[in-house]
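Peer 1: Feature table excerpt (TrEMBL):
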- 28-47: transmembrane segment (TRANSMEM)
- 54-71: transmembrane segment (TRANSMEM)
- 83-101: transmembrane segment (TRANSMEM)
- 113-142: transmembrane segment (TRANSMEM)
- 154-174: transmembrane segment (TRANSMEM)
- 218-344: domain 'GGDEF' (DOMAIN)
Amino acid sequence: MKLNNPFSDAVSCLDRDVLDHTRQLDRIIGSFRIMIALFIVFVELNLGHTSPRAMVGYTLLFLYSTLWLLMQARYPSPKIGKWGYFHFVVDLLVMGTFTFLKSTLTTSYHDGLYIILVLIYLVRFGKQVAISFAVIVSAIIIYVCLCRHFEHNISLFILLGTMLAVIYFVGNIMDLEKSLREKLRYLSTHDQLTGVYNFRYFQEQLIHELERAHRYQRSLSLVIFDIDDFKKYNDSFGHDAGNLVLQAVGKLIEQHIRKTDIIARYGGEEFVLIMPETDKIGAVTVTERIRQAISSHDFPHRQITVSAGITEYPAEAQDAQELFKKADNLLYQAKSSGKNCSCY
């Protein structure tokens, strides 16, 4: 039997936040679509459209309106995805049919449905999808109205202009809000000086990765790095020089790890590294490569070295606290053994 790689679909804390936000948004949209369907049925019934064919249409419309809540919200994704494309196509078919069956576009709520759908796709999938929807809708309306019913109607141009105005105004506001949200998310998870993750994010990820390692019976290694004699360097050359060293060390570590590894700054001159699906042998190899890269790097003023403590889950620790304590003790041994070395 072929085993799935549990880390191939890894979901970080930030990704989970995005999925949770997307799921909540889909639930709101799904509920709103059901309300719209009920509103349409109510209006049409009050207009006297109660034929058997109409009743079948109302039933199908209501059943279709529940699919967003049942499927799109169940499998949330920031991208449009297969269910998003399904709704995109069916919405166009439904609205095109609706427009074709109407002898005019003067029905008060009919134009509003186009605006609502444009807003849904704009809020959920962004400007590109909303613009695509609006362009196709425009083509449908122009074809039906000009070729089937009448040649000129001012409401047509009002509707198309309104859709474009909605996309421009709301879309730009959403872009600004998204940019601000991404900046806030970055600041909440990254160390401002070095650009690597902060310790709070590291703690969340360590627990998450340990749970995954336990679930799939995989190894996980933890490494703690400490810059040797960093206080003396700061005292001798100033904090600005020390900050440059911290930035350089962070970048050097990032250059020698995988995308699935997680590097964070811990305290003043310490860095912590989570290496999912990596045993101690692999972790030692990577750690030594990092240590040698830092030792041979051309830092201002003098050579910089690091010491490291390496430990492995589940061979040497059973939880996050024990794993971290073990790595910290090994780091202390490395510092006591002359520095510029790794203990494991």
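From the backbone N, Cα and C atoms, a Cβ is placed for every residue, glycine too.
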Peer 1: Check the domain 'GGDEF' (218-344) for me and report the mean pLDDT.
Peer 2: 94
Peer 1: Looking only at the recorded stretches 28-47, 54-71, 83-101, which one has the largest tally of CB-CB distances under 8 Å to the transmembrane segment (113-142)?
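Peer 2: Looking at each of 28-47, 54-71, 83-101 in turn, the most contacts to the transmembrane segment (113-142) are made by 83-101.
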Peer 1: Summarise the domain 'GGDEF' (218-344) as counts of helix, strand and coil residues per DSSP.
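Peer 2: Helix, strand, coil within the domain 'GGDEF' (218-344): 59 helix, 30 strand, 38 coil.
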